[in-house]
Amino acid sequence: WDERVSARFRRNLQPTLTYWSVFFSFGLCIAFLGPTLLDLRCQTQSSLSQITWVFFSQQFCLLLGSCLGGVFKRTLAQSLFALFASSLAISLVFAIIPLCHNVVVLAVVMAVAGLAMGCIDTISNMQLVKIYQKDSAIFLQALHFFVGFGALLSPLIADPFLSDTNCILSNSTANASSNLPHIRKSLVPHHPGNLSHYDLPMKGMVVTRVSYAFWIMALINLPVPIAVFFLLYKERMVPCVNGSSHPLLSADELAMEARPAEKDDLTATAQRPRAAGGHDDLFSCCQSKNFRGASYTYFAVHITGALVLFMTDGIVGEYSGFVYSYAVEEPLSVEHRVAGYLPSLFWGFITLGRLISIPVSYRMKPATMVFINVVGVLITFLLLLIFSYSVIFLFVGTASLGLFLSSTFPSMLAYTEDILQYKGCATTVLVTGAGIGEMVLQLLVGSIIHDQGSYSFLVCGMIFGGLAFTFYALLLFFHRMYPKPSSDVDEASPDKPAVPDDTGQYQR
């Protein structure tokens, strides 16, 4: 790092580490449901078709939370209180899940977890962009490494406590237990798949130790809300603490400290109403006042950026959800135990790719990284189609796909925010687009595979990869057409350059 970025990181060390840790909570919560779902089915004594509604409950509320998260981003105090409540809610959810003996109650609890995860997703991304702005790419890569780390850790914690046989003891237990390895791998990491043809007992003695896994995860996550509380305390935002505070400094703090004479002018500029709206929730972004004076390229950058992530995050969801089912079907007919490693391999290389992307993003522009990612995804799916009869290449292709998809979201976020000079609604729109893509494409691919067979799994991936590349090409075109920052741009226009917000402080 050069000294400027290092000094900025040191100055914002506590908030940066706090946002990273909160994203660890997000990852911990997103990946536990698949492996533990069969034990939760036993705990609630429900059918497979009933328990898989818990997936929908979590995913839908995660999307809703992403849309509504911007409501809490307008001041630092609101953001930190929302993150504290969300991270604490995740610990409480882990602690409460073992007490849920009804599938409806479990679905409601997972809906609360989904809302908390959605708020975390939107707020953490936005706050890092606000702090580092043009230097945010490397810190966003680190942020998304932590979600991958959490997503890898929670299944490992759960694994020793999962039932080896059917956890409801009845006369049909022996027959049902032979299907458990297949069913369990079909649920990794967080997609229900097509399980309607499996019949498992619903009545009998419940024998499961999965409660211990949830209590361990609750304890592991507990330091996260404590870290957010300490940040609130440091900023003197805890209600019982009186007195003023020194607010967190933003991206241009160092330059402003070097030019103290300009501080008053910048502060006065920041206190004027901002017609561009910037970084509001999805509904505020859609208000007509934010469109006043905006060119068509302003909307095009938002839309094409969201569509790229709609496709790439959709690929992450559909591939991780159905690669096991694809592998065990003909023509590959991989043994169930071996095929079970594929989702873990995919998520492992996503996490590895995010770790590698941290230093790479410091040397490479976000636009270049996204280009490499979408081209890599397209080529990988093409080769998977060509070598569709090779089990070895399926494993190689799964690892390759994880690497190329790993840094797409943070790189795209940094790139689009940079185009819009941090004054549009890019983060809110992109997070929402990615969430919709993951949910919609999973459902779409699941229905296509059911009707057309397993080979359509790769064909769908190839189509989605091609669409992601097309939308990215359009984004590059609109970037070239987007108005360049200039001093005479109307201050009320969304196309104006980012006049600080770089005031050295967050608006309270």
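Using N, Cα and C of the backbone, Cβ positions are placed for all residues, glycine too.
Just so you know, TrEMBL annotations are computer predictions that nobody has curated.
Residues or ranges marked as transmembrane segment in TrEMBL: 17-38 (among others). Counting only same-chain residues 6+ beyond the ends of the transmembrane segment (17-38), those with a CB under 8 A from a CB of the stretch are 51-52, 54-55, 58, 62, 83, 86-87, 90-91, 93-94, 110, 113, 116-117, 120-121, 124, 127-128, 142-144, 146-155, 157-159, 162-163, 167, 180, 183-184, 187-192, 210, 213-214, 217, 220-221, 223-224, 227-228, 230-231, 347.
Look at TrEMBL and you will find 50-72 (among others) tagged as transmembrane segment.
Marked as transmembrane segment by TrEMBL: 79-97 (among others).
For 103-124 (among others), the entry in TrEMBL reads transmembrane segment.
As annotated by TrEMBL, transmembrane segment applies to 136-157 (among others).
The transmembrane segment annotation in TrEMBL covers 212-233 (among others).
Sequence annotations record features per position, and here TrEMBL assigns transmembrane segment to 296-316 (among others).
Here TrEMBL flags 338-356 (among others) as transmembrane segment. For the transmembrane segment (338-356), the residues of the chain that approach it from at least six positions outside its boundaries are 31, 141, 144-145, 148-149, 151-152, 155, 181, 184-185, 188-189, 316, 319-320, 323-324, 327-328, 394-395, 398-407, 410, judged by C-beta separation under 8 angstroms.
Taken from TrEMBL, the feature transmembrane segment covers 368-387 (among others).
The transmembrane segment annotation in TrEMBL covers 393-415 (among others).
Tertiary proximity for the transmembrane segment (427-449) is limited to same-chain residues at least six positions away from its ends with a CB under 8 Å from its CB atoms, namely 59-60, 62-63, 66-67, 69-70, 118, 121-122, 125-126, 129, 191, 193-194, 279-282, 285, 302-303, 305-307, 309-318, 321-322, 325-326, 409, 412-413, 416-417, 456-457, 460, 464. Here TrEMBL flags 427-449 (among others) as transmembrane segment.
Taken from TrEMBL, the feature transmembrane segment applies to 455-478 (among others).
Here TrEMBL flags 485-508 as region 'Disordered'.
Contact between the transmembrane segment (393-415) and the transmembrane segment (212-233) is not supported, since fewer than 3 Cβ pairs fall under 8 Å when only residues 6 or more apart in sequence are counted. By the Cβ criterion (distance under 8 Å, sequence gap of 6 or more), the transmembrane segment (212-233) is not counted as touching the transmembrane segment (296-316), fewer than 3 such pairs being found. Residues 19, 22-23, 25-26, 29-30, 33, 40, 44, 46, 50-51, 53-54, 57-70, 72-73, 79, 82-83, 85-87, 89-90, 93, 96-97, 143, 427-428, 431, 435 of the same chain lie 6 or more positions beyond the ends of the transmembrane segment (103-124) yet place their CB under 8 Å from a CB of it.
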